There are 2 protein chains.
Amino acid sequence: MAQRQEASGRAEGRPIPSPQETLVGKYGEEAKLIYELQDQGGELLALRYDLTVPFARYLAMNKITNMKRYHIAKVYRRDNPATTRGRYREFYQCDFDIAGQFDPMIPDAECLKIVHEILSDLQLGDFLIKVNDRRILNGVFAVCGIPESKFISTCSTIDKLDKMPWEEVRSEMVGEKGLSPEAADRIGEYVQLHGGLDLIERLLQDPKLSQNKLAKEGLGDMKLLFEYLTLFGITGKISFDLSLARGLDYYTGVIFEAVLLQQENDHVEEPVSVGSVAGGGRYDGLVGMFDPKGRKVPCVGVSIGIERIFSILEQRVKASGEKIRTTETQVLVATPHKHLLAARLKLISELWDAGIKAEMLYKKDPKLLKQLQYCEDTGIPLAAIVGEQELTDGVVKLRDVATREEVDIPREKLVDEIRRRLEP
Amino acid sequence: MAQRQEASGRAEGRPIPSPQETLVGKYGEEAKLIYELQDQGGELLALRYDLTVPFARYLAMNKITNMKRYHIAKVYRRDNPATTRGRYREFYQCDFDIAGQFDPMIPDAECLKIVHEILSDLQLGDFLIKVNDRRILNGVFAVCGIPESKFISTCSTIDKLDKMPWEEVRSEMVGEKGLSPEAADRIGEYVQLHGGLDLIERLLQDPKLSQNKLAKEGLGDMKLLFEYLTLFGITGKISFDLSLARGLDYYTGVIFEAVLLQQENDHVEEPVSVGSVAGGGRYDGLVGMFDPKGRKVPCVGVSIGIERIFSILEQRVKASGEKIRTTETQVLVATPHKHLLAARLKLISELWDAGIKAEMLYKKDPKLLKQLQYCEDTGIPLAAIVGEQELTDGVVKLRDVATREEVDIPREKLVDEIRRRLEP
């Protein structure tokens, strides 16, 4: 399904430049990064900011109440690019979402399992997936005496706790957001907590929080989530972290973010986060915002930061001095002397028709040395060489580029021999 | 290379909304379809019209003189959409290009070989690849007495010959383009010709054309091209067709277009074209237009009309009544009675970790019938069922959904058994 959508380019029913109003009111303080445009007709246009809002709109417009899909595509931010850290104005996102009315936390647990699997398989180093719930945060705010109108903007401030110390976050709360110092301090006691099932149990017993309906719901679901994650065998990398807030407006339940930890050989006491590589959460109200009758479709999803992951992998390759092949060519078709272009074209055509990945130099009479050098430069493992003698004998000289060994292979057995040599 | 570029999203060094000036002066009469935008700063922006101009700009900006790559991405046209024929304002193109200074017609022949291979492998029905050369057309115009200033606009008119009869094209030439009736008639004699090597030889002897330098060059290269295509064994589907003009300004040499022919069972005398599915040609001047010093990089490339091909394949599937699976799920993990969610989660996790594509319903206690029905509906071939008895016995009941046959498999042998069953 996802594949077909991506291929047809009509997944969201709209081209990338969307009417600006589609994007308004979903991103909180990040909204200033929306890449607005103005078309000839004067209609305000903007480029999509993420893949979540277009997905929700797609579900609503097509009255789809049940769907699981991934989507890899470009999104746009009116931001200051920082190319070394993998931040661009145009970049790819890679999203996975599960939409539909299901029993609590089962799809949510699957999202976390997928993040765990991706980050493990990519061997990016040690990582941690922080988990929280918007309902728990809202409960914390309520019992700390924050008015409901300030919940979302307080979330944005708390979200900065991974980049700045508590003191600075506190002063933004009091100074910019207008919270009382006492309320800020009460919040501080909660949002600096992190742990596992034990912490969930403790908070369920917390005299103030346990009185708050939303917090209780959130903590109950968090307990369920940890049970499922235990069955998946991944709780070792999961931390229930009350400082995790996520800046976006649309989250309604569980939220999560994966961070890479400083490598052990960096000689530090406690693991330090070196950046977020995935994030997501539950957004049960977003589809309803696009449905004319407000019908809700609960959703949970995750976005993998593939640009950031690529930039980490690139830096690692660079540091290692490893050479990465940029093509998959298996054989170079070569000739040892002049006037043999026709022989090369005929042989390469045979190899292509047999599904062999073959290349040749686009010159009439290239020097053999140049052809072999090209193999070395680009990592092509085999050269198939035809000269007058080989044509007369009905053979092809198959050369192993690494060992320089050459063997005459009867022409009709060449394809099989190449396949045999390339077997893993 | 292509893969990495596509993944990084920075192939053209610019986001999809490009400065309008980048696109101006490259598309001839089609330029009216450019999807212009206006950003907040008042800078004129437009969405890319194809992948060729961004590729040329990318080569120039990065001073690349030699590259072969494919690129699959979206382009934009301010056109009237016709969704049933696969025409949209936003759609995918799939381009393959070879850039660099090489010996004549070798990369050009490879482009045609690739188009031939793609259309053959997709089994879209009979097809024909029309080939011509801008230099031959320009030579024809010159010997027919057309002023050079009218060459490009005359090309646009001739390009309509596949959609309208010669009489209408002639009257557009005389009426709208201001050619003399005699000049139009002289052109008409040439552009209605099509054939193979024989026609090339005849035109090389043509008393007027053989005197024209450009036409002679073009015909010489066309002869070379047909020699190479003969070695590739694909001339049966290639037609040298003097009516092929292609509307775009940037072509400088060989041009080509692949059309699907009416199926044989349509009972018509001569094969009729039912639409273009690929096109391209040589554009040796485009990179130089983006280079500050005007340094040229000769290029040849082809664009595959994947949207049109998809819409043809979709119609065929629809007509056949075949059911196409939209997921690749191999196993549904199911339970036969209540209170077994934990068992399902544990088993699915084991299968996922072993690389098996597994799903489960996101319900705590789904009915077995509902789970099996889901397999039938979505084409999942196997169900792995765990109940209390199976848990006690250390087995999993593996059910073949089609035959309904069930076998108890020891848990530790389940993954191997699933793999064995799914072998092709």
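Every residue gets a Cβ built from N, Cα and C, even glycine.
In TrEMBL, annotation is done automatically, which means it is predicted and not curated.
Features reported for this protein in TrEMBL:
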REGION    B:1-22  region 'Disordered'
BINDING   B:ASP50, B:LEU51, B:THR52, B:ARG77, B:GLN93, B:ASP97, B:ARG246, B:TYR250, B:TYR251  L-histidine binding site
DOMAIN    B:70-336  domain 'Aminoacyl-transfer RNA synthetases class-II family profile'
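Everything TrEMBL records as a feature, shown here on the structure.
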residue  : record                   : contacts (Cβ under 8 Å, 6+ apart)
B:ASP50  : L-histidine binding site : B:VAL75, B:GLN93, B:ASP95, B:SER303
B:THR52  : L-histidine binding site : B:ASP95, B:ASP97, B:TYR250, B:TYR283, B:LEU286, B:GLY301, B:SER303
B:ARG246 : L-histidine binding site : B:CYS155, B:ASP159, B:ILE255, B:GLU257, B:GLY279, B:GLY281
B:TYR251 : L-histidine binding site : B:ARG134, B:GLY281, B:ARG282, B:TYR283
Residues B:ASP50, B:LEU51, B:THR52, B:ARG77, B:GLN93, B:ASP97, B:ARG246, B:TYR250, B:TYR251 [recorded L-histidine binders]: greatest CA to CA distance in Å: 22
For B:THR52 (L-histidine binding site), the three-state class that DSSP assigns: helix
Local Cβ density at B:GLN93 (L-histidine binding site) - other Cβ atoms counted within 10 Å: 20
